[in-house]
Structures are given as structure tokens and as C-alpha cells.
Amino acid sequence: MTQDYKATLHLPATEFPMRGDLPKREPAMLERWEREGFYAQLRANAAGRPLFVLHDGPPYANGQIHLGHAVNKILKDIIVKSKYLAGFDAPYIPGWDCHGLPIEIAIEKKYGKVGVKLDAAQFRQKCREYATEQIDLQRRDFKRLGVIGDWDNPYKTLDFRFEANEIRALAKVVDNGHLTRGVKPVHWCFDCGSALAEAEIEYADKVSPTVDIAYPARDPGAVAAAFGARLPAGVGVAVPIWTTTPWTLPASLAVSLGAELDYVLVEGPADRGQPRWLVIAEALAAKALARYGVDAVVVHGHAKGAALEQMLLNHPFYAEREIPLLLGDHVSAEDGTGAVHTAPGHGQEDYQVSRHYGLLERYGAAQINPVDGRGVYLPSTPPLGDTALAGLHIWKANDVIIDALRGTGVLLAASKMEHSYPHCWRHKTPIAFRATPQWFISMEQANLRADALKAIENVHWYPSWGQARIAGMVDGRPDWTISRQRTWGVPIALFVHRETGEPHPRSTELLRQVADRVEQGGVDVWYTLDASELLGSEAADYEKITDILDVWFDSGVTHEAVLPDRGLPKPADLYLEGSDQHRGWFQSSLLSGVAMDKAAPYKQCLTHGFTVDEHGRKMSKSLGNGIEPQDIMKTLGADILRLWIASADYSNEMSLSQEILKRNADAYRRLRNTARFLLGNLHGFDPLRHLVALDQMVLLDRWIVHRAHALQEKIVAAYARYDFAEIVQALLNFCSVDLGSLYLDVTKDRLYTMAEDARGRRSAQSAMYHVAEAFVRWIAPVLSFTAEELWSYLPGQHVDNVLFATWYDGLAPLPADAALTSADFDKLLVLREQVAKVLEPMRANGAIGAALEAEITVAADAQTAARWQPLAEELRFLFISGDVTVTAASTDDIFVSAQPTTKAKCVRCWHHQASVGSDPRHPELCSRCVSNIEGPGEQRRWF
């Protein structure tokens, strides 16, 4: 080459870095956002817009954040940011759940239980300090994820104002008639020393003993007569029960049957030499008798369970205790014997059926529930023959009771079985039902269950199956046990009558007065309060309740304790948490909301799945497959983590591994490189001076704006329905196919070789400007740091941050009367693929080195040929080939052929043209390049 024409080319130039270097750049951006008060600016910029309130479910203030936290917070952040771009004011107030047992345990490990080194007030203060420290640690990591919010003013359930508002919320619940007190069986953790709510229970496999125990009939002849049978002399009758909790037998007060179940009177094993007939459900008789070593089923009569109602049995080892036969809906013929031993102190159904029959009034509290809060039998528990039970822990009592019953004739069978059993979610230890005095929110007393089920129907659930799931849980759940016998929490600030146990008739008024004091001095005010200050002369007749509220009540009333205080409306637009929260926060919020306002506290409810490894296994330290968000941010950056979360199907389990992270890093590079190429080609472009109107653009440029418009409509709709995976996929496809494989490739010629200010070049830059303006907004909710960086490099005048803008309004579809319609472009792109297929073997066999060395002939039917012939001169730019000829042929198909060109190559544009050398001043250039350098420049209409 005799002359160097490089200086005449307009090659891409940008300072936007090729490498993201996110672990270094992101912290600097965070510092700037913090320094400039970014969240406050964002809210101020959005003032006056319609509100969209995503109410934050509070994480527990204990321990470092994990991957599940990151998923939750980033999903929320994507939604909040997309709402700002959609023209909303979307305040985000993060919160923390600060009371409860895990924090108590942490303080107990250091200082011992209350009363050892610290009194209750000092203990609560240490809990408060610990929770505050944990919040600071978690807040730092949440901010590092790129999550925007009012981090300087979060809501915390330990704040005096919140604690006061929680007591005010309780007053509304009381006022509406939902609070009740009673001795009921509740889930009890012996390690916690407290009742547990449904949401605090998880199920795990446990090996339990199974026993079949015979309850002898007091009047065997009467039982036989109910079956239409005559009992021979010397034959006994018994009703066997099957249970996995032998420890509950000392509390057994009845045996329940199914009213409509069919029972048979069958010959059973002898009782120490005496013949014995047994009452067993017909469907279970053969199986039960086989357990007892009886092969043949010899039936002496049939009867419905209802025929045996109120007949009396003997307790298997407390002979003086008469055991009535009751009827219960909970009895089935699925397993066991069809007869259920009934201990009202240790089971919900047992309690209900016993209450129905008035059984509870016949026995004292120690007989109904002989087990204390540590899981030990009370001193008053009678012995089993010569075997003492008092002081024995129930888990040890199982084997002791079984051994003591051997040889007595009542133990028909004993074995072991593994089954799913409720455990404490904190201690991972088995729990038990214990009847204790507790405070409940009744599901029936003021129609809470029916109202809640109705409210569920008015909520939009994502995914849709969430509606049936939570409805099933609410429909079948027991009353909500809201009292806890612990120290660190919000007190149930009620005064109850010393004799009747009834709450003071002015309870709601008194609760509000207590709340006013708590707002000034915290919950300690309740414990130091002299009752006479509020009750005057009545104080001697009343005592203060020292139980605290369930932590699920704490978080469940945040809609009442937080939103009105912050000037935000109820119900919130959206609650978003993990799928376990149908039985947790979603449900506690629903029940409290309906109890207070007869409405759900949210309009929409979205759930996400749990994180697992690439094999679908739960992440854990023991498996060594855990991936911490902090490590991802240190090595790859928060935007890579955010991209993975957005691209995953969060409605199911979300798989993560190093390989998956690598794939997301590759996808990120594709997006970043696209942005960099756009910026590089916008070098020297000023939209105020150079922007070409849409109707004046080269048609290929107009087409890419059309494609961007269609994509934006798709993206905006997907953000609105929270389908982030579709957005990521659509973006990557647009970058790879529409831009990477086509538009950016085709327009290089115009951008590089045309005169700097040529309309064809400015047209391409204008299209790229429109695409870049839209692109930065599309990625902003997901790739927050990268979008901010890209925003700072865009040409033209802009607001300070991309989130101060809204979805880009500079895009538009191709008009229906365009010289080339969208359908025309679709056909041309199919033709372009045909050309590529024809050229591929020519490249392979060495006939050509590049597509520019091939001349193309397109043969089509007359109508198609006539449509495309005006484009023929520019089709070579679309195909990035040598000259293109379009001919009419008598065929319905389109045929493409190619041959190597014999024309000289222009050293500047690399096209092979007959005009190369036609200008003696530039013997190595084609006439087009000469015109672009020195003349008026070429004109383009199509491509």
C-alpha cells in the first residue's frame, strides 16, 4: 500500500473499560452513592409520582448474610429499581427482626441465664446491644449487593417506637375480639422452655417406639352385646390402641373411636392364660392381630363405633381411672387399630374431643398434663406399679414404661419406626404437645379463619399455586399461640384478674396507655410499672402478664407498626419472601392484617425458591458445597451475582455452582462488550447536533430502532410481571443476534468508511444512540453498577443517575407504509442466511477467503425480484459480500449462487470493486472511498 488511509477511517474509540473489574469499581460507586445521599435524591426525584410499596420482610438480626438473603434482597431491589424506571415512587425501607430466642441463646452463652450474672433488665439490654451489632454487619453486606434503600433509617423491631406500635396493634386485635386465653395443648420446646408457633416447627425423621396397649373393658358383657355377641364365661374384652408416644399414657383419659367406622369383635391373644376378645377396626384387624401373633381372624360380631360411645374401659396401669369411649372425627382406619388413646394435655384432637365430652372438668391440671416445661414428669405423677415416673424425662420414659408393662398382659406389641416428627427449628430437637395456659389469636371466635380465606382470594399470588398453598394452611391451622415464656421480646401488656384470670375490661385502653410509655422507655417500662399507676384502687385485684409476644407477631404486624409511621399506604403493593413464608411471615401478616383490618396487608405476594448446588442438594458446610455471597462479590463482583439471580427461575429451587457463575460471567461480558461497542461507535457524536430523525434514517437503522422498541415493550412487561429470566434471555439474544450477528457487523462499513458527518454515518450513530439509551435502562435494575458506569459514558446531557430517568421514549416501531417493512426485513434476513450457507463451502475449499471476495446472484420470482432489485446496489452491505445481482426467474423458490470476484480490492474498505484505481490520485481506492474522503460522499438508503 503506497498510502496509509488509516487516518481517514473513523474507528471506535471509548474510555469505557473492556474489563468490568467489578470487585474494585463497585465499592467506589457505593461510596459515592452514600456520600451523595443517592437514595434521598432518588425519592426526591420521584416525589409526586404514584407510590409502589414493596414492604420488606425482616431478616433475623443474627449472623452473616447467606446466599438466600442475597437472593431475597436482590430480587426486591430489581423490582424497586424497575418501578422507578416505570414512573413510580418506590420507597424501600429495610427492616430487621430483633427479638426472640436465638439472640437470647447468644447472650446466655456469654452471661448465663437470667438471674445468674444479669437481672432481666440487664439481660434485655445485652440482647438489644447484640442485635444492633448484628444489624450493622448485615447492613454492610446488603449495601454491598447494590441494594438501594433507606439504610440510615431502617425499621427495627427493637426500636421503642416499633415496640409501642406492636402493643397498639395488639390492642386492635383485642378490640376486635380475636384474643383468647386458655389451657390448650401447644407445641412446646423443652430446650426453649416455651411454646412454639406453627411457623417455628420443622419436620425431620425420628425413630420412635410403637406400642399396642390393651384397655380392658369394665363391663365386657355390655361391650360384647353391642356387637350382638354373647360373651362366654371367663373371656375378657379389651380395646387395643396403637401409639408412638408411650410417654403420654400416664395422661391418657379416654379412647376415641370413629363414629361411622366398622369395628369387629375378634379373638385376640390370651391375657396371662385368660381368653380375650378385642375391639378393632375391621379394615385393620388382620394387620393388628398379626402384630399380636394371632394368625386367624375369628370374628364374633360387627358394630359401628357409635354403638360403643361412653362405654367404660380401665386405664392400662392406673386401675382406678375409668376410661370412656368417645367419638372423634380424627380417628381413621389408615393405621393402628382404629382406636386412639386420648390424652387431652398432649394433642390438639385429643383436647378438642375431650372438651366436647366435658372430660376436662373432671380432672386436675396435673392429670391432664403431668409434664413440666423441662419435659420431666411432675412430682405428683403416680408410679407405674413399682416403677416411679416422677422426675423422669419423657424421652427416657418411653422405654421405662414399655419395660414396666411387659408381663402385665396389656402390652400386645412393641417395635420401632422411623417417621417424620416435629422439631424445634432453632434447636433441631423433638418437641411435644403440652397443655399450658397460653394466649391465642382464635381462628373461630370472631370469624378470623373465614375472613382470612376470603382475603386470600383478593391477593395476586406469584406463582399462582401459592394461593392454594396458603389457603390450605389457613384452613387447617389451629389457633395462633402468641404467648412465649421468655425474656427478650415485647410483653403481652395485659392486666388479668387474680381470681378469674379474665383481662381487665378496659384492656384496649390500658394497652394504648402502656404503649405510650413503652415508646418513651422501651419494654422495660412494663416490668417496672406499678399497676396502681394505671388501675388505681383496682390494682390489688389484678396482676400483670409477664409472657412476651411470639416473634412472628412482631414481624407479622410490621404493616401496622411501620407503614403508617412512614407515611406509606396500606395494603402494601408487594410482599416477597422465600416459599417457606406461606407458613411464616405471609401467614402471620395475613392473620394480623385480617384481625385488625379485615383485609390482607398486601395486594401481591411473590415467593422464591431456595438455593441448591448443581446437583439439587441443599448447600451446607458439612457437604462443602456452600457458596457465600461475600466470596462472589470479592472475586467476581455483585453484578455477576445479581445477573445469576435475575437469570434463574426463582419460582423453583435455584442452582448455583462455580460453573454456573462462570457462565454468568461470560454472559455479563457479552452484555458489557455490546455496550462498549455502542459507546465506541458513538465517539464524536453529540445528539443535540448530530441526531438524525427516525423518518430520515437509513432503513436498516430504522429497523434496529424498531427491534429495540419491540424488545423494550417485552422487557417492560416482563419487569411488571416479575419475569426477570425472560428479560436476561431477551437481552442476551438481542445482543448476540440482532446486534452482534447482524446490525453491528453490517454498519461497521458505514461507521468506519463514510465521511465523519455523512448522513449515513450519523444515521447509524443515531440508531446506536437510541439503542444505548434504552439498553442502559433495560439492564439498570439488574446490573446496577454497570448501568451506572455506562450511564456516565453516554453522549449528551443526562440526569445524574440512570434511575432518575424512566423507560426510554425515543424508540418507535416501523410504520406500516415504510419502504421496507418488518416483514420485508424478515425475508431479507432469511436470504442473508441462504447467502451464508452458499459461501461456507467456498470458504472451506479455498475458493474465497472472505465473503467480500464473492459475487452473489439471487434468482427469485418476478414479483420478489422486482421488490428487491432497487436494493441490489446496497445488498452487498447487508450480506457483507461482493456485488449482488437480483434476477427474475420462473420459480417459486429463491436460488442463491456465488462466484469468486475478479475485481480489485480497495485497501481502505476492503470491498472488491471495478472502480478501484479509477482515480489516479488514489490508485488503490474504489470510487466510493475517494468520494468519502474528498468528494460529496456516498449516499445510502437501505443498508
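Residue numbers in this text run from 1 along the chain shown.
The backbone N, Cα and C atoms fix where each Cβ goes, and this holds for glycine too.
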Can you dig out which of the ranges 108-112, 618-622, 933-937 Swiss-Prot describes as motif ''KMSKS' region'? 618-622
Labelled motif ''HIGH' region' by Swiss-Prot, one stretch among 48-58, 59-69, 147-157, 422-432. Can you tell me which? 59-69
Apart from its near flanks, which chain residues at least 6 from the ends of the motif ''HIGH' region' (59-69) lie with a Cβ under 8 angstroms of it? 96-98, 100, 102-103, 106, 131-132, 134-135, 137-138, 141-142, 156, 578, 610-611, 619, 626-630, 656
For C906 (Zn(2+) binding site) and E577 (L-isoleucyl-5'-AMP binding site), determine the Cα separation and express it in whole Å. 62
Just the number: how many Å between the Cα atoms of C926 (Zn(2+) binding site) and E577 (L-isoleucyl-5'-AMP binding site)? 64
What are the other residues, in sequence order, whose C-beta lies within 8 angstroms of the center of the C-beta atoms of C906, C909, C926, C929 at the Zn(2+) site? T753, V907, R908, W910, H911, Q913, V916, L925, S927, R928, V930
Within a 10 Å radius of its Cβ, which of these binding-site residues (C909, C926, C929) has the fewest neighbouring Cβ atoms? C909
Counting each residue once, how many in the motif ''HIGH' region' (59-69) are helix, strand and coil under DSSP? 3 helix, 1 strand, 7 coil
Which one of these binding-site residues, E577, C906, has the sparsest Cβ neighbourhood, judged by other Cβ atoms within 10 angstroms? E577
Can you tell me whether DSSP puts C909 (Zn(2+) binding site) in helix, strand or coil? coil
